[in-house]
Amino acid sequence: MSDLIDADLPFLTDLRRGLHAHPELGFEEERTSAIVANLLEEAGLEVHRGLGGTGVVGTLRCGNGPRSIGLRADMDALAMPETADRPWKSTVPGKMHACGHDGHTTLLLGAARALAKTRNFSGTVHFIFQPAEEGRGGAKRMVEDGLFRLFPCDAVYGLHNMPGLDPDEMAVVEGPQLASSDSWRVTFRGTGTHGAKPHLGRDPITAAGAFLSALQTIPGRVVDPLQPAVVSACSVQAGDPKALNVIPDLVEIGGTARAYSPEVRDQLKAEIGRLAQGTAQMFAIAADYTYIRRIPPVINHPDTTQRALGAARDVFGEKVRTAFPPSTAGDDFAYFAGEAPGCYVWLGNGPAVDGALHHNTAYDFNDAAIGPGVRFWVRLVERELSGEAAHD
Ligand SMILES: [Zn+2]
Ligand SMILES: [Zn+2]
C-alpha cells in the first residue's frame with residue numbers, strides 16, 4: 001500500500017499545485033469539482049455531482065460489510081490576494097488557497113485512488129467533497145440537499161492541516177475542536193429628542209452603554225468558569241457625528257458569540273437577549289433582539305475519536321498528539337458531525353514559514369504532508385471497515 005501511495009505522489013503533488021494555482025470561492029468550485037468528479041470516475045467510483053451546488057460525492061463499495069463511513073474534504077478558496085511568489089501561485093487576482101483546502105482535496109482524492117486499487121476493506125466509503133466551507137454554508141446545503149439520505153453514514157471524518165505540527169504528525173483529540181460561530185443583533189428603540197432636553201425623550205444611547213458594560217458579565221458571571229465562552233460586541237451604530245445636539249431614536253449593536261458546547265451556546269443566546277430586554281426595561285425603552293445560529297461547535301465523538309486514533313497511531317506512531325488546544329475558529333463540518341458520530345483531526349503542515357498561518361497571504365499547503373495524509377485516510381478506512389476492534 002505504501003509503495004502504491006509513494007508512486008502516486010508526483011501526480012498528487014502536481015494536482016495540488018494545479019488546484020492552488022486555480023482557486024475558486026465557495027459555490028463557484030466548477031473547475032475544482034469537475035477535476036474531482038473526473039478523477040473519482042476514472043478510479044472506478046460511483047460519482048454524484050452537483051450536491052449542494054458544486055459538491056461531489058464518490059462512493060466506493062467493497063465486500064459485504066454493512067458499515068458506511070463518510071470522509072470530508074473542503075474545496076473552496078478565500079477572497080484574498082496571494083503575495084508570496086511560487087511557481088504555483090494563484091493565477092486569479094484576489095483569490096487564493098490560504099487555508100489549504102487544495103491540499104485537503106488532494107489527500108482525499110489520493111486516498112480514493114489508492115483504495116480503489118487495493119480494496120482492502122469491507123463496507124462502503126463515501127468521499128464527500130464539500131463546497132463553500134469558508135462561511136458560505138456548503139456543509140449545511142449538502143445536508144439540506146439530502147447528503148445523508150442519499151449516502152447514509154455510520155460515522156463521518158474531517159481533516160484540517162495545522163501549521164506548527166510536523167507534516168508527519170497528527171492531533172486526534174476527543175471533545176471540542178472548533179467553536180460555534182454565531183451572530184447577534186440588538187436594537188435599542190428610544191425616543192429621540194434635543195440633546196439639551198433629554199427629559200423630553202427616552203435616550204437609547206445611555207441604555208446601550210449600560211448594556212455594553214454589562215455584556216461581559218455573561219462569560220464572567222453566568223457561564224461556568226470551566227466552560228470557554230466569548231461574547232463580543234463588534235459593531236455599534238447610532239446618531240450622527242455631524243449632529244452632536246441630537247439624541248437619536250435608535251442604537252444598533254451587533255456582535256459574535258462563541259462556545260464549545262451546545263449548552264453554553266444556548267446559554268449565550270438566552271443571556272444576551274435577557275440582558276438586552278432587561279436593560280430596555282430599566283430605561284423604559286424597547287429592544288429588538290435576534291440571534292443568528294451560523295455554525296455549531298465541532299465536538300469529536302468518543303467512538304470515532306478512538307477509531308481515528310487507532311489509524312493515526314498506525315501511520316504516525318509516536319507522533320500522534322491526544323492533547324491539543326481547540327481552535328476558536330469554526331468549521332461547518334459540524335453539520336456533518338450533527339448527523340452521524342464525527343471526528344475531526346489535525347494533520348501537521350510543518351513550520352509556519354515567515355509566520356504564514358491560515359488565511360495569511362503567504363500561506364501554502366505543505367506538499368510533504370500529502371503522503372502522510374493519504375496514508376492516514378487509507379488506514380482509517382481499512383481499520384474502520386475491517387471489523388477490527390475500535391479500541392486498542
Ligand atoms: Zn479557513
Ligand atoms: Zn480551512
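The backbone N, Cα and C atoms fix where each Cβ goes, glycine too.
Automatic prediction, not curation, is the source of TrEMBL annotations.
Together with C99, H101, H160, H359, TrEMBL lists one candidate of E134, E382, E384 for binding Mn(2+), that being E134. As a whole-number mean, the pLDDT of the domain 'Peptidase M20 dimerisation' (182-274) in this prediction is 97. The number of other Cβ atoms within 10 Å of the Cβ belonging to H101 (Mn(2+) binding site), over all protein chains shown, comes to 28. Those residues of the chain, other than C99, H101, E134, H160, H359, with a C-beta within 8 angstroms of the mean position of the Mn(2+) site C-beta atoms are D74, D76, L78, H97, A98, G100, E133, H358.
When DSSP labels each residue, the domain 'Peptidase M20 dimerisation' (182-274) comes out as 34 helix, 34 strand, 25 coil, counted as helix, strand and coil in that order.
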